[in-house]
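This report refers to the structure that appears directly beneath it.
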Amino acid sequence: MKASMYLALAGLVLLFVVGYASESEEKEFPRELLSKIFAVDDFKGEERGCKGFGDSCTPGKNERCPNYACSSKHKWCKVYLGK
């Protein structure tokens, strides 16, 4: 029982030492990760300038993207193939 406790304690100490060593080598990683996360959140509030395939639309008012057509049956954008 004592041996398993010492082994578990040694494992935790080893995990702590390895974690500390890797953290000291990559101090910029958490800052870069947080800046990327917050940069992605900035784009959520912006409206897309152009409707894409599968986006909902109003038939007859698809002036945003000429290469897509608004399906009057399904009310979503589909690829315009021409007539």
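In case you wondered, yes, glycine gets a Cβ from its N, Cα and C as well.
Recorded disulfide link (Swiss-Prot): Cys70 to Cys57, out of the candidates Cys50, Cys57. Cys70 (disulfide bond) sits 12 Å from Leu81 (leucine amide), counting Cα to Cα. If you measure from the Cα atom of Cys57 (disulfide bond) to that of Leu81 (leucine amide), you get 18 Å. The 10 Å shell around the Cβ of Cys57 (disulfide bond) contains 21 further Cβ atoms across the protein chains shown.
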